[in-house]
Amino acid sequence: MKKVSVIGAGSWGTALAFVLAENGHDCLIWGRRQEQTDEINEQHTNQAYLKNCKLPESLKASSNLEQVVEHADILIVAVPTKGMREIGSQLNDLIQQPKLIVHVSKGIEPDTLKRITEMLAEEIRPEARKGLVVLSGPSHAEEVVLRHPTTVTVASEDTRAAEEIQTLFMNSFFRVYTNEDVLGVELGGALKNVIALAAGITDGLDYGDNAKAALITRGLAEITRLGVKMGANPVTFAGLAGMGDLIVTANSVHSRNWKAGNMLGKGHSLKEVTEGMGMVIEGVRTTKAAHQLAKQYDVSMPLTEALYSVLFEGHEPKEAVDWLMNRGKKKETDDFSN
Ligand SMILES: NC(=O)C1=CN([C@@H]2O[C@H](COP(=O)(O)OP(=O)(O)OC[C@H]3O[C@@H](n4cnc5c(N)ncnc54)[C@H](O)[C@@H]3O)[C@@H](O)[C@H]2O)C=CC1
Ligand SMILES: O=C(CO)COP(=O)(O)O
């Protein structure tokens, strides 16, 4: 039994805390709002994020970040990418003894183009860290708390840290692999949200299964093209953090990115979609970052470019699809030479 703290009581932080408590660990979860942490402690539910889920009674919650940080040597950070630097800087101030820090979020910071491990390494001083690990893969929180079979991967520059986190989470319904490619795992997790948004748009336009298959396949091609140019292992993109997560996010009714795209395809504005969701839609900001990365690395990412034009340049979804379909001829297998 280990002491573990989860920072962030949204859908994913709560589902992972559920797994850790089920595994017999002494788990404390931090949420920003006292009424939410009271609900977890007293009702053993977190209805705003995981409807009809009964949480283990052993799972405790607190809105006092200092207490939550002190509770454990392992911190699981589960806040949206947008809040990552702020939380990182608070952790830096609060950590007394070095902690093993695991993040489970999926995004890239626009403008700086930093991945989450890079942001956390900038915000949290090295003496406060025992290791930095990313956990990613096809894993909707709603299915994890139903104990449906789920597989994820953990990556770290420190193999032993990754293995420790693998052991911490593994159980009969939550299977964890290790991967040494931190860059590929973080890029795969972040960039699949961009393609899932685009897949939601084609579903919203009722373009059917051929279009969806095209998006997933060509989406994975452009993610891989960028990732390889940046130095990631191409095999990672065929794995859980790449293809696996892309399939689940582009097809699942649980996906906020797919849902957002679907509404856009049906004619709603980006403002309506983001304000109505009530949960994070990481793919919107990540589209900005991916668009910038494509320019910086001089990599062709037409799906990202098309989605960017819809989200930020006022183009109609149909126009973007027409542009994609009417581009010049290409060889399918030229991808990695770009
Ligand atoms: N929901 C899911 O099934 C999965 C989500 N993820 C990733 O996990 C991360 C978190 O997502 P969810 O838990 O689903 O989001 P969510 O929208 O369900 O919850 C986010 C939580 O973070 C809190 N929060 C928001 N901004 C914050 C800030 N600036 N500082 C501190 N706390 C803040 C919110 O109050 C809320 O409790 C995202 O990067 C997402 O892509 C990864 C795998 C599965
Ligand atoms: O990353 C996820 C599943 O693996 C969750 O995706 P959404 O953020 O689109 O719900």
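Just so it is clear, glycine is given a Cβ too, placed from its N, Cα and C backbone atoms.
The annotation in TrEMBL ties SER11, TRP12, ARG32, ARG33, TYR49, LYS106, ARG256, VAL280, GLU282 to NADPH, and of the candidates under consideration, ALA141, ALA221, ALA320, the one tied to the same site is ALA141. Sn-glycerol 3-phosphate binding, as stated in TrEMBL, involves LYS106, GLY137, SER139, ASP245, SER255, ARG256, ASN257; the candidate among LYS51, LYS54, LYS60, LYS192 given for that site is LYS192. The DSSP secondary structure for ARG256 (sn-glycerol 3-phosphate binding site) is helix. SER139, SER255 are the binding-site residues among SER11, ARG32, TYR49, SER139, SER255, VAL280 whose C-beta comes within less than 6 Å of an atom of ligand 2, given in sequence order. For TYR49 (NADPH binding site), other Cβ atoms within 10 Å of its Cβ number 20. Cβ neighbour counts within 10 Å, taken over all protein chains shown, single out LYS106 as the most crowded of the binding-site residues ARG32, LYS106. Rounded to a whole number, the C-alpha distance linking SER255 (sn-glycerol 3-phosphate binding site) with ALA141 (NADPH binding site) is 10 angstrom. ASP245 (sn-glycerol 3-phosphate binding site) sits 17 Å from VAL280 (NADPH binding site), counting Cα to Cα.
Neighbour counts of Cβ atoms within 10 Å were compared across the recorded positions LYS192, ARG256; the minimum falls on ARG256.
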